[in-house]
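What follows is a single structure, written as structure tokens, with notes after it.
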Amino acid sequence: MRPILIAGNWKMHKTQAEAREFLRELGLALRSSPSGSASQRQIILCVPFTDLAVVAEQSRGSDIAVGAQNLHWEDQGAFTGEISGPMLAELGVRYVIVGHSERRQYFGETDETVNRRLAAAQRHGLTPILCVGESQQQREQGLTESWIVGQLDRALQGIDLENLVIAYEPIWAIGTGQTCAAQEANRVIGLIRQHLGNAQLPILYGGSVKAGNIDELMAQPEIDGVLVGGASLDPQEFARIVNFQALAPA
């Protein structure tokens, strides 16, 4: 059975003091939940570099795993502003987002550099969360499948599928309030899994995930969890997402 992962991506939000307060409030919200379902799900918080040590310390012994939002493919060197796999591993980081659409859009990330970052993460015992997805224009042109397959083929050369998470994040649904229909997300994630030889690795959905749509998303058989953006900044909202109750298929 594939694991269920609920990953929050804080992006460039929260000081250390705010991170401590978030974890305090999240802990209270999860403990007061009547469902008790949180213990059956892996919670991941992918936080800014400055928050990693605080979150790792505060979440020790809990169900929360710490994730980073990027890493360099080299272990050390003259790469101003970057961070390496050994640095993250030393802090207790277990997961790292690679190839997020914002990294591709704003910082020139390519499938080739994504491939190198994936290899670096796995080399140091980190589990990468590879993000793939299509733009609005590609969607309208009917290129969703071919675009995502191309991203996968280029990024996954030489990568171990046994230590990998994939997140399908349609770019047009990120931070826009538009959510990909649950059935459509399930279809695309099924296509990804089929392209990878029905690999049993976790595949998540990301794109305007919130408490109001999590139950329907998690009722889909191919969706193994979610990568949550803005809704992960509110501890009460994030707790409701963690404690989803999957709806019965219509």
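Every residue, even glycine, has its Cβ placed from backbone N, Cα and C.
Pulled from Swiss-Prot, these are the features on record:
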ACT_SITE  His100  active site, electrophile
ACT_SITE  Glu169  active site, proton acceptor
BINDING   Asn9, Trp10, Lys11, Gly175, Ser208, Gly229, Gly230  substrate binding site
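Asn9 (substrate binding site) sits 10 Å from His100 (active site, electrophile), taking the C-alpha atoms as the reference points. Note on the binding-site residues Asn9, Ser208: the fewest other CB atoms within 10 A surround the CB of Ser208.
Trp10 (substrate binding site) falls within neither a helix nor a strand when secondary structure is assigned with DSSP, and so counts as coil. If you take the C-beta of Lys11 (substrate binding site) and look for same-chain residues 6 or more apart in sequence within under 8 angstroms, you find Pro48, Gln69, Glu102, Gly229.
Non-local contacts of Gly230 (substrate binding site) by the CB criterion (under 8 A, 6+ apart in sequence, same chain) comprise Gly175, Ser208, Lys210. Cβ contacts within 10 Å of Gly175 (substrate binding site), excluding its own Cβ and spanning all protein chains shown: 13.
Overall, the recorded substrate-binding residues Asn9, Trp10, Lys11, Gly175, Ser208, Gly229, Gly230 cover a maximum inter-Cα distance of 14 Å. Less than 8 angstroms from the CB of Glu169 (active site, proton acceptor) sit His100, Ser101, Cys131, Val132, Gly133, Tyr205, Gly206, Gly207, Leu227, each of them six or more residues away in the same chain.
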